Amino acid sequence: MKVGVALSGGVDSAVALYLLLKEGHEVKAFHMKTKEDEFFLKKEIKKKVCCSPSDTADAIRIARSLGVEIEIVDVREVFREKVIEPFKRDLLRGLTPNPCVHCNRYVKFGYFMDYVLSQGFDAFASGHYARVEFSGKYGKKVIKKGVDGKKDQSYFLARIEPWRIEKLLFPNGIYTKEEIRRIAEEAGIHVAKKQESQDVCFIPDGSIENFLKDEGITLSEGKVITEKGEVVGHHRGYPLYTVGQRKGLKIEKFGERLYVREKIPESNVVVVSGLEDVFFSGLIAEDPVWHVEVPEEFRCVCRVRKKSEEAPAVVRVRDNEVEVRFEKKVFAVTPGQIAAFYDEDTLLGGAIIKEGIR
């Protein structure tokens, strides 16, 4: 089979490429450029991020060492349109967006995948820790969690278009991270011990404040208030805070620990409350993407952030929204984040959280 492989320059995609070669597939590597190289050279990179010049150099070296052709694909225009601009817009709306999910939907498993398939390839592969398997229950190929629970990346795939699943290969999904590194070492792949990407690729210094400043947006300090309107401190700009956050708030002496309850962009106010008030009994989410057919009401487990615990829930589908009711209250349901739905280890789909239900 002819397979186009997304080669980031990291160990995961390198091993995915290696495994597909071992299986006898005809393989070509493709590397995305989301930002110009100069951007990374001007930034203080505090955490490892993807798509940097060093990643491009590593991707080229990996491909050459494995005897595979590599093509660099410029996705900067679509990346700005579909990821950076919506991210900026959502921050100013008071949301906490997840740019990686949007990148997967519109860029990596959208524009980039379309480009690869247009070159005559039968399948598109990446180094994601997830699996694609045929489901007898649903009568089609589905995305399942990777066997390494700590590294499972299915959450980030919750909103890709369902028709694409038939064309996907995730060779790493049946391995743990430790096994992937061991395979890389045994194969002599030079990035076997390379640090993992940990931050948003277009914010390499980890500062949303600096990102917005670079985009021409200056944040204003505002009041931190309780539900009763009592001023308890000040914030540096509401886009810098998220529901459930406690650190970073300039709160004057108060009788209890306070957490971000909500943000009100119109008045540049951050509302705080006690811990009890940042647990939610449910949520409303919009623009759902379903990988399988689902009934109007069904039970499943829901994940509201990548690292959140899975919460058993009842989901009711209504037009372009879903209402989710949890069996037990869930911490920090955050507008702008993704609610991903699972039937055991099968990913059913995902929707954008509109509001939490207390």
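Just so it is clear, glycine is given a Cβ too, placed from its N, Cα and C backbone atoms.
For D12 (ATP binding site), the same-chain residues lying six or more positions away in sequence with a CB closer than 8 A to its CB are G127, H128, Y129, N172, I180. As annotated by Swiss-Prot, ATP binding site applies to A6, L7, S8, G9, G10, V11, D12, S13, M32, G127.
Under 8 Å, Cβ to Cβ, and six or more positions away along its own chain, C103 (disulfide bond) finds T34, F79, K82, V83. Marked as disulfide bond by Swiss-Prot on the basis of sequence analysis: C103-C201.
What Swiss-Prot lists as active site, nucleophile is C103, and the listing cites sequence analysis.
Positions annotated as site 'Interaction with tRNA' by Swiss-Prot, on the basis of sequence analysis: H128 (among others). In three-state terms derived from DSSP, H128 (site 'Interaction with tRNA') belongs to neither a helical nor a strand segment and is classed as coil.
For the recorded site, C201 (disulfide bond), the DSSP three-state label reads coil. Taken from Swiss-Prot, the feature active site, cysteine persulfide intermediate applies to C201.
Per Swiss-Prot, the feature site 'Interaction with tRNA' maps to Q337 (among others). For Q337 (site 'Interaction with tRNA'), the same-chain residues 6+ apart in sequence whose C-beta sits under 8 angstroms from its C-beta are T96, P97, N98, V304, R305, I352, I353. Mapped onto three states, the DSSP output places Q337 (site 'Interaction with tRNA') in coil.
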Residues near S8 (ATP binding site) in space but at least six apart in sequence (CB under 8 A): H31, M32, C50, C51, D55, A59, G127, S197
DSSP three-state assignment for C103 (disulfide bond): helix
Reduced DSSP assignment, D12 (ATP binding site): helix
